[in-house]
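Asks: The signal peptide annotation in TrEMBL covers 1-20. The transmembrane segment annotation in TrEMBL covers 305-329, 518-541, 575-593, 621-642, 648-667, 679-698, 704-724, 758-777, 783-804, 813-836, 867-886. The annotation region 'Disordered' is assigned in TrEMBL to 344-373, 402-478. Among the features that TrEMBL reports, compositional bias 'Polar residues' is placed at 402-424. Positions annotated as compositional bias 'Pro residues' by TrEMBL: 437-468.
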Amino acid sequence: MATFVVLVAAILTAISTVETSGGVSSGARPARVRRQTGELRQEIPAEFTQIYQGSVFNGTEDIYRYTYMQNESSPRAIRVEVKSEGATEDYPLLFVVRQQRGILSWQVPLMIRGIYGYDKVSRTLCPMDHLQVGVKDEKETVYLEVSAASPTALNYRVNATILTDFILSTGQPRNFLVSPSQPQYYAYKMPPDLDMVVVKVSSPNSLCAVFSLQPIKCPVYDLDRNIEFVGIYQTFMKKAAITVQRSYFPNGEFYVVVVVKATDADCTGEMETIQPAYPSEEAFEMRRVKEVNVVVGPSITDSQYVTAVFVGILVFVLFYVVTFMVLFIQWIRQRNAELEGLAPRPEEQAASNAEAPINAQRTEPNYGATGWDRVKMPSVLDTAFTDGLSLNHITILGKKLSNNGSVSSQKEANISPNKPTTDPYTMGEQPAETKPGIPPTDQPNGPPIPPNPPPPRPAQPKSYPKPPMVHTLSDSSMEDDIDMLDDADEDKDIYRTKTFLYVADLARKDHRHLSQKYNLYSWNLLTISVFYALPVIQLVITYQKMLNTTGNEDICYYNFFCAQPAGDLTAFNNVYSNIGYIMLGVLILILVYRRDYTHQKKVDAGDRYAIDYGIPKHFGLFYAIGIALVMEGVMSGCYHVCPNYSNFQFDTSFMYIIGGLGMLKLYQTRHPDINANAYAAYASLAIVIFVAVIGVVFGTPYFWAIFTIVYVLAILALTAQVYYMGRWRLDMGIFHRMYLLIRTDCLQCSKPMYWDRFVLLLVGNIINWSLALFGAVAQPDDFASFMLAIFIINFLLYFVFYIVMKLRSGERILWVTVGLIIITLICWTLALSFFFKGVTTWEKTPAQSRLDNKDCVLMGFYDDHDIWHFMSAISMFCSFLVLLMLDDDLDYTPRDKIPVF
């Protein structure tokens, strides 16, 4: 009975073989394998490149024996291609390849992820030449066994070829086709003169594939289900690259493996409709076959590597050299000026100021909130003298004058009859030497030179004269009936709401108390930085170790076309390029400390210019800015150890802090008494960072709706805070006060009470409302960058407003500062041009991010993003220098002549 079954099977096999035409490789004539009657297992001597057809069923087995000569000097690999259209998932054909030192097996149809079945499979056998070192010119025999458990005969075709071009050469591209069931891999060995190479793959189509580098050993993992088991791998669509050091693989030898994924979900992040199993050959060829080009090229040499690193740090060392040269030249000039008597020494100033009478000019207050008109004190006195009244018949500010002309009051008020009659709130009629911000100088736009002798220090505590009232001594009863409004100079709810404010109005608090308040910015930031940086460093090191251990380079979003490794770091260049932030941040701290030390030395010497003239000197925020710039370099470096979706906030957190501190410093310049304290400022910035994280993780339409509403309300609250100089309250009566405000200020007035602030806040509200509307409509994916753009735009808006108002107020900008502003604009333009080129993006999948990868553009070591790091560090350094020097022209201007805006 068994003999009869075998005979029937043989007849059916012969018939099906006659009907089958064509081979696995086009143009080849298949050889028919006939089974002898009753023979269940047959061994067939086979030749390479010859196509064989046969059939097997349950209990039968065909064995093909291939023999070839090993060649250690020129390793070769064998590629086997099989196909069967009759095999099914329940009754597959089984193929087993036995080599001297390994076994490789698969089935047809080849099931990918248990869903996609492919009836055509091609596999490359692991070459023994690489493993048998020292064995030459020996025969190697390979056995290919074909079997099945099907009750009926299953037809198949098989072909084996020797790959003579199995070894990749440096700089020579290799083109081939791959699919999920037909992976390809080639071997590469580094030449002795190379220690590092870059393996690049590219493809004209965007099918999802995996690109892997594996050590020379068997088995080679070249299927979708196991390619991630060993070596280094990446998913890619159109291009990818891996930089390899000789130390990564023994003897610098490795396999380059490429296989196509069954779907594109791993590359696009989007689930696809499940394709039907067992696709036809035509559909298969159209859908999942990918043309791939592989090229292995040399990376930079060790000398080029060291040169690039040295040049990177040398650029910023030059900033130190130039800065110290300028400081030295400035010290020499100042010393020569002191020796020539052009500027008094500090001890001479102290002696001069001690002997000088107190005769500080004061400007009368204008209480726009109370409806007072501006009163010109000199004109009242001139009228009195014109009418022939003597000093004995005049009472100034409600105080009686004695015969000798002194004021019989505890408060001294020395008002000269020769005082100019110009309104102190207008500047067109004043002499050049008394205009705010324009001290005497021999140079049109040079540094201010202090007048000689220096003006005396105003009386303390600082107070302002009241509007003058003239009456005779006989009208003594008027003194009891008139309220002199002494609280107008003491109640901040009154003097801060004047129509025209000067720095003296907002610099009444004790200087030492304010300095301690602003020093908290730097100390608090230093504490925040330590506690924030330590877990960040630990986390990114863990990420890097995970990448090195698993070989999964999809964990981190590098620019793989320009990733220069060093030790365990995959992209050392992206980390190292942040050194500019650290070095220039330290340089800012040095410059700020020098200014702080010089200013304190003058104060200790009793220099009236340092104490009561110019913008009040508080350096706490500048120290905080320097620390923030240093920490931006540290945190950006940590982020670039392994940039990804999970740690993006490391790179942006201190950018928010820098932007916020910059705006606070600019506002503090002329509002020292009412600037935010460190606790409120950092709490606000913490909320901003928290919202940025929520926006990236949960950027849903509901989030954007809530964010837009909160954003608009925050804009309105900040507008009220700035417009009323902090003199407003958020309580249940706010709606009634808003009604009164609209009724009195908007409906009955032809112009706003505080015109300059109104213009700034109007423009700011228009821009911020536009940003809120854009965010609500567009809902950008990179919410963190959107938040950072809000900070940058508002800082630039306020900075431009400050410059315009400074010039409008008759002040000037020193030529050094003008030059720095021009340099800053140029540097920011260049920096942003490199930033927007974009070489990676964690908002997309790793494979999609690699589409933006670009080659190195500077010294074969730095990419566009590295240049962004360099240029942005220089730009921020110059920007903070501008802030530090912007009001140097006011150092010898009385604070009651410096307007607030």
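In case you wondered, yes, glycine gets a Cβ from its N, Cα and C as well.
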Asks: Which listed range (305-329, 575-593, 648-667, 679-698, 758-777) shows the maximal number of Cβ pairs under 8 Å with respect to the transmembrane segment (783-804)?
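Replies: Result: 648-667.
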Asks: Taking a Cβ cut-off under 8 Å, which residues six or more beyond the ends of the transmembrane segment (679-698) line up next to it in the same chain?
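Replies: Counting only partners 6 or more residues beyond its ends, the transmembrane segment (679-698) has Cβ contacts under 8 Å with 520-521, 524-525, 528, 645, 648-649, 652-653, 656-657, 660-661, 664, 707, 782-784, 786-787.
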Asks: In terms of Cβ proximity under 8 Å, which residues at least six beyond the ends of the transmembrane segment (648-667) contact it?
Replies: 521, 525, 532, 536, 540, 621-622, 624-625, 628-629, 631-632, 635-636, 638-640, 675-676, 681-682, 684-685, 688-689, 692-693, 696, 784-785, 787-788, 791-792, 794-795, 798-799, 802, 842, 876, 879-880, 883
Asks: Which listed stretch (621-642, 813-836, 867-886) has the most C-beta pairs under 8 A with the transmembrane segment (305-329)?
Replies: 867-886
Asks: Would the transmembrane segment (621-642) and the transmembrane segment (704-724) count as touching if the test is at least 3 Cβ pairs under 8 Å, pairs 6 or more apart?
Replies: no
Asks: Under a Cβ pair cut-off of under 8 Å, which of the recorded stretches 518-541, 704-724, 813-836, 867-886 contacts the transmembrane segment (575-593) most often?
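Replies: Most contacts with the transmembrane segment (575-593): 867-886.
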Asks: Output the single range from 518-541, 704-724, 867-886 maximising the number of Cβ pairs under 8 Å to the transmembrane segment (813-836).
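Replies: Looking at each of 518-541, 704-724, 867-886 in turn, the most contacts to the transmembrane segment (813-836) are made by 867-886.
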